[in-house]
Amino acid sequence: FGMTTPRTVPGKIVLIFYGFFGCAGAILFFNLFLERIITFLAYILRAIHERRQRKNGMGESGRRSSQTSEDEQLDSWKPSVYWVMLILLIGALMVALIASAMYYPVENWTYFEAMYFCFIAFATIGFGDYVVSQKAEYPHVVFYRLGNFIFIVLGCCCIYSLFNVMSIIIKQVLNWMLRKLNCECRIRRPPMTRRNAITPGHLQKSRRGTASQEGSKGPMVTVTDGEGDSDSEYRRNSGEMISMKDFLQANKISLAMMQKQLWETAQRQSSYHNNNSGFQGGVGPLAILNRKLGQDEYDPSM
């Protein structure tokens, strides 16, 4: 909050190193708390889900016949991120209400000011406009400072977990908006040129007579040569008819290049469909939530 700051240069240097490792340790502590609280909530919600399924189940014979399918469904079942967010919101609100009931009579604040301080402190914003323990004397100062420490640590953990779960909700909304807007994020690549433009001779109206005259020699195609291809011994002038056998012999490398281009196009399309669902993956707390809740994407059924 700014009421205690280092004054000397050695103190500031020590604070830099202490803050570096201290902040890293605090983030680790908050992530461990997040994983434990999400695991606990998932266990509670799973138990409620199992109890609800047992109530909605049919007779004893129906239970035995569908026991295997129910077990498979329970193994793949994960709690809804919305229920987890609601429970965390209620927990953070309860901690703030109890802490405000302790702050406002001792610090001579209104209840709203005490709630405002709880949000600023728990969210680690720390403007410094409201600071506790600034009076010269407090009744039962030891218990007051101990309660202040417990409430701030517990409130920071709850708000940190709530903010991370809310980030999942925001992520789902953004993915839903991207799908509704039909936004396509792809790399525009220049079209790849071919060495020869191949056109079946029977499709060209202007060369139907020539194709009928040469029909006894087998299937015919028209080859339009590109620039710089005069080094091939099988090369014909533009528009000249050649047999399919001569064409295949002269264009083995071109056919191999065409096959490679088709394969690369198929790979690009498959990777595009896999990556076209918006923001993917997660790091740190997002990875924890995605693994525990399995709600990385927007589910319209919820």
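Just so it is clear, glycine is given a Cβ too, placed from its N, Cα and C backbone atoms.
Annotations in TrEMBL come from automatic prediction, not curation.
Features as listed in TrEMBL:
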TRANSMEM  15-45  transmembrane segment
TRANSMEM  81-103  transmembrane segment
DOMAIN    93-170  domain 'Potassium channel'
TRANSMEM  109-130  transmembrane segment
TRANSMEM  142-163  transmembrane segment
REGION    196-236  region 'Disordered'
Maximum Cβ pairs under 8 Å to the transmembrane segment (142-163) - stretch from the list 15-45, 81-103, 109-130: 81-103
Helix-strand-coil residue split for the domain 'Potassium channel' (93-170), DSSP-based: 57 helix, 0 strand, 21 coil
Long-range Cβ neighbours of the transmembrane segment (109-130) (under 8 Å; 6 or more residues past either end): 1-3, 92, 95-97, 99-101, 103, 151-152, 155-156, 158-159, 163
